[in-house]
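Undergrad: Before anything else, here's the structure in question.
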């Protein structure tokens with residue numbers, strides 16, 4: 001399919017070039033046959049043909065030698081200008097050469113010379129027919145360039161604008177990682193890769209820290225039904241997270257700690273299996289600390305920290 005598209009675009013450019021050359025050739029022959037230098041209207045069409053041929057030759061060289069030199073903003077404007085020139089040339093030439101038929105004569109049997117604006121005895125039949133044919137080919141040039149403008153907008157301008165917005169209008173193909181079709185310049189030979197939109201419809205979310213925890217796991221979790229738990233190789237503790245409250249139970253049933261973590265900056269660490277510690281908070285908000293040592297002051301190691309700097313410490317006998 002891409003090969004068929006490339007052949008079609010190449011044939012389109014070749015048709016534009018051939019039609020432009022035909023318009024120039026037909027008008028040049030007509031002007032020479034009439035023995036005149038032409039008029040402003042005819043010369044305008046002739047100049048349009050010259051501009052078109054030069055543009056197509058320059059474009060072909062650039063597409064072959066520098067296909068990454070895109071600058072779609074300038075390229076699209078140039079293509080559109082040539083198209084509008086052919087529209088104006090078609091209208092002007094049809095007005096100058098198409099008002100009268102080549103076989104029409106006046107009352108004296110004289111033929112009208114469109115270049116001099118006078119009636120002569122010479123019909124200049126072949127020159128007149130060449131001028132009429134130039135009108136048809138100038139209209140064909142306009143249609144062909146109109147098609148190329150549309151294709152350029154669809155195949156090149158639109159993808160670049162979708163990916164790079166307005167900044168892509170004035171960027172080279174090398175900076176965007178693409179290049180033009182070598183034989184036509186009407187498509188990207190290396191189109192941009194389409195990026196699939198992110199779909200999170202099957203992802204369940206839950207704010208565990210805010211108390212809205214559920215069994216849903218993130219997509220990267222191998223087991224979607226598993227809750228997160230701490231894996232302790234010695235089997236000494238198991239941690240469960242529920243509504244920002246943390247309960248830790250050691251393997252020794254004699255030592256248990258329960259911490260209501262109201263301040264994330266606090267931490268409590270205990271390493272003695274014989275010390276018993278209790279933390280409590282009364283309704284007024286003041287904290288009290290009680291410590292009971294069952295086997296002497298030096299029977300175990302204990303370290304604790306709290307975020308309350310003004311706590312009351314009472315040691316039980």
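Each residue, glycine too, has its Cβ placed from N, Cα and C.
Model, not experiment: these values are computed from the prediction.
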Undergrad: With the ranges 72-92, 93-113 to choose from, which does Swiss-Prot describe as transmembrane segment?
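TA: Residues 72-92 are the ones Swiss-Prot records as transmembrane segment.
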Undergrad: Per the topological domains given in Swiss-Prot, are residue 35 and residue 180 together on one face of the membrane?
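TA: Judging by the topology that Swiss-Prot records, the two residues are on different membrane sides.
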Undergrad: Of 14-34, 161-181, which range does Swiss-Prot call transmembrane segment?
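TA: Based on what Swiss-Prot states, transmembrane segment spans 14-34.
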Undergrad: Within the same chain, where does the transmembrane segment (14-34) have neighbours whose Cβ lies under 8 angstroms from its own Cβ atoms, ignoring anything closer than 6 residues to its ends? I mean 6 or more beyond.
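TA: Those are 42, 45-46, 48-50, 52-53, 56-57, 89, 113, 115-116, 124, 126-128, 130-131, 133-134, 137-138, 140-141, 144-145, 148, in sequence order.
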Undergrad: In whole Å, how far does the CA atom of residue 129 (N-linked glycosylation site) lie from that of residue 43 (N-linked glycosylation site)?
TA: 17
Undergrad: Six or more residues beyond either end and a Cβ under 8 Å away: which residues meet both conditions relative to the transmembrane segment (72-92)?
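TA: 23, 41, 44-45, 48-49, 51-52, 55, 135, 138-139, 141-142, 145-146, 148-149, 152-153, 156-157, 160, 168-170, 185.
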Undergrad: Residue 43 (N-linked glycosylation site) has how many other Cβ neighbours within 10 Å of its own Cβ?
TA: 14
